[in-house]
Amino acid sequence: MAAPRVFPLSCAVQQYAWGKMGSNSEVARLLASSDPLAQIAEDKPYAELWMGTHPRGDAKILDNRISQKTLSQWIAENQDSLGSKVKDTFNGNLPFLFKVLSVETPLSIQAHPNKELAEKLHLQAPQHYPDANHKPEMAIALTPFQGLCGFRPVEEIVTFLKKVPEFQFLIGDEAATHLKQTMSHDSQAVASSLQSCFSHLMKSEKKVVVEQLNLLVKRISQQAAAGNNMEDIFGELLLQLHQQYPGDIGCFAIYFLNLLTLKPGEAMFLEANVPHAYLKGDCVECMACSDNTVRAGLTPKFIDVPTLCEMLSYTPSSSKDRLFLPTRSREDPYLSIYDPPVPDFTIMKTEVPGSVTGYKVLALDSASILLMVQGTVIASTPTTQTPIPLQRGGVLFIGANESVSLKLTEPKDLLIFRACCLL
């Protein structure tokens, strides 16, 4: 009998402090519905579900016919399951890490280096940069999902410099004036001026940052108490960030970066060197397998200011331009494909109405990981003897060139996300 190449996984949960608590967390809810024995602690955060082979959260195989305990062990001994191109391109490794995130309090403002810089940083400071890989990532909202992403249009930043004197004070008059003057210039002049402004902010003395932030918080609080709307300078968000990270330089970053609220199904793609921060909500995320992060604020952790200011992409764009749009499949009316301009990963979203009784997950020349977000099915493949029941929160590994038939066991809509590598 052929060894199974499609099998369910038990995946690692990360309980970082910023995660949503207990059953408020989509991560915890997915876990509870896929595993009847799972005990959800209501006083603990459930931040991330990791689906992949990362050493800090290698998925366990739930198939007693398979001798290997973890997905990375199995892939190491079944290399053809990756797909020939994936195996050759990524040295026999699964190139992506697939996740669900449930965010209650903001994550740090950060950017990820490109491959060239990652190699250099890893050599120079392996304690801060643990590998030599780049880390592009994509987030697709499951619930309304708020984040900061990329530099705003310069006109918006200039407006904040006028309306927020504390922000202008930290940037300095010279850099602020220069930014206003370059608004109509070419993109290189704008980028250079923007870099100068951002660097001035990031290199401000801690004491001065705390003073200016306290002035701003006091001003917003007084105006809000008097019944004035302060949303033109994101008053509510600033107070919230300051409460969570008092005196943190990152509180001022909201005046530099686009604020996005993604509706379910909307996505943002974060290429190398783009500053970003997740603020609140639940999402599916996929990324290249790396842990390299250069932080910029909203964090008690190490901030590498010189590297950050040097590496960032200072290309302004509007918030609507930061949305990453999927393409609808021509062959499959239920399938949307989020295919970013990097080779490491692609996400497929499948929405099947409950009135349909069966659905076929097509074979790909790539290993893939499938997550059931909604629905209940029985999965079978031409090579498996035993059908696999899957419900909300269920995770399935699908070897390259394997198709899977799903039989809906309830008349409820299906929502499925599948991470793969389309080379």
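Even glycines carry a Cβ here, placed using N, Cα and C.
From a predicted model like this one, the values you see are computed outputs, not experimental measurements.
The feature N-acetylalanine is assigned by Swiss-Prot to Ala2.
As annotated by Swiss-Prot, phosphoserine applies to Ser102 (among others), with the evidence given as similarity to another entry. If you take the C-beta of Ser102 (phosphoserine) and look for same-chain residues 6 or more apart in sequence within under 8 angstroms, you find Gly19, Lys20, Asn24, Ser25, Glu26, Val27, Ala28, Tyr46, Ala47, Glu48, Asp282.
For Ser108 (among others), the entry in Swiss-Prot reads phosphoserine. Sequence-distant neighbours of Ser108 (phosphoserine) (same chain, 6+ apart, CB under 8 A from its CB) are Gly250, Ala277, Thr293, Arg295, Ala296, Gly297, Leu298, Thr299, Lys301.
Under the heading Zn(2+) binding site, Swiss-Prot lists Gln110, His112, Glu137, His276, citing similarity to another entry as support. Taking the Cβ of Glu137 (Zn(2+) binding site) as reference, residues of its chain lying under 8 Å away and at least six apart in sequence are, in sequence order, His112, Phe269, Leu270, Glu285, Cys286, Met287, Ala288.
Within 10 Å of the C-beta of Arg295 (active site) we count 22 further C-beta atoms, all protein chains included. Among the features that Swiss-Prot reports, active site is placed at Arg295, with the record citing similarity to another entry.
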>> With every protein chain in view, what's the tally of Cβ atoms within 10 Å of the Cβ of Gln110 (Zn(2+) binding site), excluding that atom itself?
In response: 24
> If one looks at the chain holding His276 (Zn(2+) binding site), which residues at least 6 apart in sequence have a CB under 8 angstroms from its CB?
Replying inline: Ile109, Gln110, Ala111, Gly147, Leu148, Cys149, Gly150, Leu257, Met268, Leu270
>> Cβ within 8 angstroms of the Cβ centroid of Gln110, His112, Glu137, His276: which residues besides those meet this for the Zn(2+) site?
In response: Ala111, Lys135, Leu270, Val274, Pro275, Thr293
> Near His112 (Zn(2+) binding site), how many other Cβ atoms are within 10 Å of its Cβ?
Replying inline: 26
